[in-house]
Amino acid sequence: MNNSVTSATYIRNISYSLRRRLSDFLDPQDRWRDVAVSIRKPSGELRYSQHHVRRFEGLVAQGRSPTEELLSDWGTTNSTVGELVDILRSHKLLAAACVLLPVEEASSEDAQPASPALGSESARPTRLLEERAPQPSAGSSTPQPQTLQESREPADTGFSSFLYNELMKITGNFDDRPMSDGGSRLGEGGFGTVYKGLLNDTPVAVKKLNPMDDTSMDELQVQFHQEIQTLKVLKHENLVDMVGFSCDGQHPCLVYAFMANGSLLDRLACLDDSPPLPWRRRCLIAEGTARGLDYLHSNHHVHRDVKSANILLDEKCVAKISDFGLTRASAKRTSTTMMTERIVGTRAYMAPEALRGEVTPKSDVFSFGVVLLEILSGLPPACENREPQFLMEVRYDIDDEDEELTLEDILDKKMGDWELGQVETLYSLACNCLQERKNRRPVARQVVSELEGVVKSISLDSQA
Ligand SMILES: Nc1ncnc2c1ncn2[C@@H]1O[C@H](COP(=O)(O)OP(=O)(O)OP(=O)(O)O)[C@@H](O)[C@H]1O
Ligand SMILES: [Mg+2]
């Protein structure tokens with residue numbers, strides 16, 4: 001991965017970009033803390049006390065990376081990459097170890113056997129990124145597909161690592177023709193192409209990452225690992241389920257449970273002649289998505305790319321938030337805002353402060369406001385030949401008394417059984433989420449309870 005770094009390289013000589021990549025692994029869920037408390041002085045004494053750890057912790061609120069600060073402090077000694085990698089491996093932070101040293105070197109001495117059933121040769125290219133026991137799933141109903149024989153890992157130890165060749169096999173050599181033409185391609189995004197495959201009769205979606213115009217291979221690697229780390233720790237019925245990954249081939253791949261109803265974006269557009277989503281179903285999807293967001297935020301994560309293309313629908317149309325490659329652990333307690341130099345996300349969904357580089361859960365709430373407008377109107381979030389170009393701006397025209405546009409004008413008439421009071425509640429919730437000033441927006445928990453109210457009123461109506 002980076003040939004200039006060896007076990008003997010001094011920590012202080014690790015390049016800026018490698019430090020950044022390491023912090024992308026170690027900042028979330030405070031994994032840097034496990035590293036800090038394992039560092040010893042040459043005398044054998046621990047280098048950092050709880051007091052030191054709290055000082056590093058305090059940096060999060062200032063928008064700084066504790067991992068980077070830890071490395072620069074430790075770098076004032078003659079400690080080496082080898083020592084750091086040993087610590088990372090002792091905490092099973094293998095993905096972070098791989099950032100510094102290629103798999104063979106990082107795992108040469110006491111590599112964990114990938115599976116007792118495997119010989120060491122076949123095990124080498126695949127490695128389980130086991131870190132912590134997965135937290136109990138909050139009602140996740142998606143069955144975990146069986147993994148391929150060659151790379152089977154015990155189901156309770158985390159994700160499976162697949163051989164790239166096996167993923168090629170199950171996707172018909174990554175057949176780029178659309179499913180309707182007999183191919184395997186489900187869709188394409190900014191970071192790669194998604195294919196359908198069958199894993200021992202269970203359908204899965206394989207995302208083959210590909211560096212596109214403005215994404216480098218390095219950034220892609222960070223996103224790849226970020227997605228794995230996030231989904232390993234966070235499990236919820238409204239977050240997509242990851243099955244495994246592959247990192248031994250030409251392209252890193254991520255393997256997910258297959259979502260039979262595709263993305264909310266495609267279903268609102270009735271792509272491939274799919275039937276329009278009825279009103280109640282739309283409200284349930286909004287409620288499910290808000291629950292997923294609330295779960296992410298209560299676990300100190302900011303998604304940073306909430307949009308209808310990243311809300312997938314399973315066979316029962318249950319909403320699952322996907323794509324955690326840009327997700328960041330948010331600052332805790334005193335401040336909920338961090339700054340970043342890398343402004344990421346999708347313009348048509350981005351809050352004003354996200355465009356300035358702030359990372360706060362309130363920006364996810366803003367983006368969710370745009371999704372609510374899409375659900376109500378069935379309109380795409382951005383359209384060049386439309387006035388206004390961005391859907392988020394339609395609220396100004398509706399609220400402006402000089403404009404003739406009303407809420408009813410923009411409603412998606414295809415949703416059939418809508419009721420005006422409920423539609424108005426959803427619209428005013430969307431407008432609250434879209435408040436320019438972040439402190440005026442509701443938190444995800446409040447959004448969930450508003451939506452619960454709407455769903456309840458629909459159920460009561462249908463009983464009457
Ligand atoms: N688990 C899945 N099951 C079924 N279809 C999926 C799955 N994951 C992705 N897809 C399909 O692949 C498409 C592309 O997904 P992808 O995440 O690569 O791009 P995107 O969400 O449109 O953009 P971005 O790259 O910004 O996230 C989705 O819109 C969806 O139709
Ligand atoms: Mg996506």
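Backbone N, Cα and C atoms are what each Cβ position is placed from, and that goes for glycine too.
So that you can see what the record holds, here are the features copied from TrEMBL:
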type: REGION; residues: 107-155; note: region 'Disordered'
type: COMPBIAS; residues: 137-149; note: compositional bias 'Polar residues'
type: DOMAIN; residues: 180-455; note: domain 'Protein kinase'
type: BINDING; residues: K207, K208, K307, S308, A309; note: ATP binding site
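Looking at the residues that bind ATP per the record, K207, K208, K307, S308, A309, the two CA atoms farthest apart are separated by 21 Å. Residues near K208 (ATP binding site) in space but far in sequence (CB under 8 A, at least 6 apart, same chain), listed by position: L167, F174, G192, T193, V194, Y195, H251, C253. Checking the binding-site residues K208, K307, S308 against ligand 1 with a 6 Å cutoff on the Cβ atom leaves no residue at all. Note on K307 (ATP binding site): other Cβ atoms within 10 Å of its Cβ, all shown chains, come to 22. Classification of K207 (ATP binding site) by DSSP places it within a strand. In the vicinity of ligand 2, defined as a Cβ distance under 6 Å, the following of the binding-site residues K207, K208, K307, S308, A309 are placed: A309. Note: A309 (ATP binding site) has non-local neighbours G189, S263, L264, L265, D266, i.e. same-chain residues 6+ apart with C-beta under 8 A of its own C-beta. Over the domain 'Protein kinase' (180-455), the average per-residue pLDDT in this prediction is 89. Between the listed binding-site residues, namely K207, S308, the fewest other CB atoms within 10 angstroms of a CB are found at S308.
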